[in-house]
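Trainee: Can you read through this structure? Questions will come right after.
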Amino acid sequence: MIYIAPSALAADFRRLEDELKDVERGGADLLHVDIMDGHFVPNISFGPFIVDFMRQSTSLPLDVHLMIERPELMLQEFQRAGADRITVHAEACTHLHRVVGQIKDLGIHAGVALNPATPLNVLDHVAHELDLILIMTVNPGFGGQRFIPAMLPKIREMRRRLDEQGLTHVHIEVDGGINEQTAKQVIEAGADVLVAGSSVFNEADRAEAIRRLRG
Ligand code: DX5
Ligand code: ZN
């Protein structure tokens with residue numbers, strides 16, 4: 001099963017509710033929600049206040065991607081705002097295992113994201129606690145960037161390690177530059193949750209765009 005998660009960052013925020021309803025009707029499985037703090041990444045998006053509006057505008061599960069420093073300080077706020085899963089960056093957590101535990105204590109799914117230059121080894125002692133691993137396929141901060149092909153062997157190796165440890169239930173999510181072509185490649189490499197911003201929201205027919213990503 002392949003899950004498609006349109007990234008709200010690429011929606012037209014003047015008509016946010018309609019945009020979210022449109023991708024929900026179009027067959028999206030999750031709504032990906034990018035939170036940027038201007039420190040961890042060189043851009044600022046929005047906070048729990050807007051996530052709460054999103055929660056009221058769609059019944060899609062909210063897949064919250066925290067690109068923020070000290071994410072442990074904000075977990076509860078995002079869970080209260082409606083997050084169904086929270087993904088933190090390994091690079092932003094001094095005590096990664098503890099933060100993962102804090103997310104799970106909130107009763108929601110936990111994920112860890114890795115920037116393109118971060119090796120898989122940082123997950124060695126937490127993978128068994130996770131619901132998902134997010135392999136960034138661009139350097140985070142902006143929508144509409146080009147997919148980094150060197151991430152394909154990284155995805156393949158992550159899938160191999162999960163299989164080897166019997167962790168077949170852990171999702172591998174990819175984020176950045178996913179379009180019809182790169183979707184095929186990441187699925188073949190072992191990813192099963194595909195985040196797509198511009199390749200869904202920049203198309204007039206979102207249902208068709210989502211169908212094409214599923215391959
Ligand atoms: C990048 C964000 C992505 C972004 C993807 O920092 O984490 O979720 O919205 O956008 P596209 O699909 O346009 O690369
Ligand atoms: Zn994201």
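The backbone N, Cα and C atoms fix where each Cβ goes, glycine too.
Note that the structure is a prediction, hence the values are computed from the model and not measured.
Summarising the annotation, TrEMBL assigns substrate binding site to SER7, HIS65, GLY141, PHE142, GLY143, GLY144, ASP175, GLY176, GLY177, GLY197, SER198. The divalent metal cation binding site annotation in TrEMBL covers HIS32, ASP34, HIS65, ASP175. The active site, proton acceptor annotation in TrEMBL covers ASP34. Taken from TrEMBL, the feature active site, proton donor covers ASP175.
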Trainee: Using DSSP, would you call GLY141 (substrate binding site) helix, strand or coil?
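Mentor: DSSP call for GLY141 (substrate binding site): coil, neither helix nor strand.
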Trainee: By a simple count, how many Cβ atoms lie within 10 Å of the Cβ of GLY143 (substrate binding site), its own Cβ left out?
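Mentor: Counting Cβ neighbours of GLY143 (substrate binding site) within 10 Å gives 19.
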Trainee: Rounded to the nearest angstrom, how far is the Cα of ASP34 (divalent metal cation binding site) from the Cα of GLY177 (substrate binding site)?
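Mentor: Cα of GLY177 (substrate binding site) to Cα of ASP34 (divalent metal cation binding site) measures 15 Å after rounding.
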Trainee: State the three-class DSSP label for GLY177 (substrate binding site), counting H, G and I as helix, E and B as strand, and everything else as coil.
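Mentor: Reduced to three states, the DSSP call for GLY177 (substrate binding site) is coil.
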Trainee: Let me spell it out: for each of the binding-site residues (SER7, SER198), count the other Cβ atoms within 10 Å of that residue's Cβ, using every protein chain shown. Which one has the most?
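Mentor: Its Cβ has the most other Cβ atoms within 10 Å: SER7.
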Trainee: Looking at the binding-site residues ASP34, HIS65, GLY141, which have a C-beta within less than 6 Å of some atom in ligand 2?
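Mentor: The binding-site residues passing the 6 Å Cβ test are ASP34, HIS65.
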Trainee: Taking the centroid of the Cβ atoms of HIS32, ASP34, HIS65, ASP175 (divalent metal cation site), which other same-chain residues have Cβ within 8 Å of it?
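Mentor: Neighbours found: ALA5, SER7, LEU9, VAL33, ASP63, THR87, LEU134, VAL195, GLY197.
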Trainee: Determine, to the nearest whole angstrom, how far the Cα atom of SER198 (substrate binding site) is from the Cα atom of HIS65 (divalent metal cation binding site).
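Mentor: Taking the Cα atoms only, SER198 (substrate binding site) lies 17 Å from HIS65 (divalent metal cation binding site).
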Trainee: Name the one residue among HIS32, ASP34, HIS65 whose Cα is closest in three-dimensional space to that of GLY143 (substrate binding site); these are the binding-site residues.
Mentor: ASP34
